[in-house]
Amino acid sequence: MPVATLLPFTTTPNRKSASPTSFRLTEKFILLLVFSAFITLCFGAIFFLPDSSKLLSGVFFHSSAVETNTRTNPESNSDSVQHGPSPNPTLPIHGDWSESMMKHAWDSYRRYAWGSNELRPVSKQGHSSNLFGDIKGATIVDALDTLYIMEMFEEFDVATDWVEKNLDFNMNAEVSVFEVNIRFVGGLLSAYYLSGKEVFRRKAVELGEKLLPAFKTPTGIPWALLNLKSGIGRNWPWASGGSSILAEYGTLHLEFMHLSKLSGNPDFAQKVMNIRKVLNRLDKPQGLYPNYLNPNSGQWGQHHVSVGGLGDSFYEYLLKAWLMSDKTDEEGKKLYYDALQAIETNLMRKSSSGLTYIAEWKGGLLEHKMGHLTCFAGGMIALGADGAPTDKTGHQMELAAELARTCHESYARTALKLGPEAFRFDGGVEAIATRQNEKYFILRPEVIETYMYMWRFTHDPKYREWGWEAVQALEQHCKVEGGYSGLRDVYAASPSHDDVQQSFYLAETLKYLFLLFSDDDHLPFEHWVFNTEAHPLPILRRDKTDRPNEVE
């Protein structure tokens, strides 16, 4: 509680008499008592009350040069993070529930799957995806910053100890460059900037260096898969004749720019800037970016365009590259707003009942399907609206709000009040999944992510109300004794669990829920940019001579 909130309760009452000599002895005694109480409360507040949220947020602005533990006192009251008041009395004012959700997910992982990449919460055992090769501990690294932000410092210290002693990248195994970058490199960078612990910087740079051989292609467009020992890369065999995927090679920029900053090695930045050069040389069909690009020929593969899977975070990183550069990356800015205009013209449509959605484009034909992954776009468009041409800022905020409403409808129209993997706008249906293989929910964060951004920019209470609906559904249908599980069919009357607690549930879903109900000055957007795995990275400030300066 801020000290200032005590002041209204300690001021002396107004009195009609103007002369102190006219006070009787009892009045003087009472006044002395009140004054003493005021002094006592002030000193007590200084020594015993936790800092205000503004002071706490100052901890998260420290320079990248700081390599000591600068966190708040681990024994301080967690209420030092002040959560915004709710206009609806049925909504939570404080975030204890979000910390409780995180604790259940984390404690379950620690109890049943410690060191594994992910948890099987129903069968209570570890689960590892081949995306990470033989690298272990995806949930640990993905959860580091969420633990820190929620002031779960005891758990954070345990995770830090595991990273120091067990996180190993020296193995003869093939990994997804994209997934390892956004989860491991992003998670380590964020943990470093928040805590100042050198181990995270060292591990992030070490892993980044092991990913550099992925760029050894004729064009410099990286392979999707890389053997960390041999440095030999390849692409997914199903990806349009050996193509690289837009959302994969286009989602390295934020992390690699920070790796250059922290390591002093310009190679990281040069690799991702070269990707832009290749893209700039290519013709874009109707201004759109196809999902597939051949790294040998430098030509597009099949003309499939999506703002969901295979494409999504490429567009996100164009905008965030500009924001993270302290708005000096004018090329990134232009690429983003040009791409957004092409998306609005060619892919955005309105249903008969007025729901705005983003369709997919296949060889010039629209497929009227929108994925859960695409629901991040509402938050992205809101984040970029302020930088749009003056006459388009309001329009882009309207688009963001319309997309948020559509994605909420995809949740509201299911039996379990959680959204399907994809939903359609054809055959007489709107915002409903019609195919069985699109009805599942794997604890994805994109809808809540958009609610968080929309709340920050509008303070419209419906976004917190919608977020709280999701919390209740997660608790009712996804929570099991051993953690949180995804669902096989959100339209079924009762939940059927898929038995996987995804690492991104701790990295993204729970973090965005926490921030949705936090004050705006907690990880404020003018200081932080979130990578696509919700790992906050500080804006890279530049001094007056236009040279890289310390991050704030």
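Heads up, the Cβ atoms here are built off N, Cα and C, so glycines get one too.
Just so you know, TrEMBL annotations never went through curation; they're auto-generated.
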So CYS407 is in a disulfide according to TrEMBL. Which of these is its partner: CYS375, CYS478?
CYS375
Quick one: of the recorded positions ASP312, CYS375, CYS407, GLU421, which has its CA closest to the CA of THR532 (Ca(2+) binding site)?
ASP312
List of residues, in chain order, with Cβ under 8 A from that of GLU179 (active site, proton donor) and at least 6 apart:
LEU131, PHE132
Find the shortest Cα-Cα separation between GLU446 (active site) and the recorded positions ASP312, CYS375, CYS407, GLU421, and name the residue that gives it.
CYS375
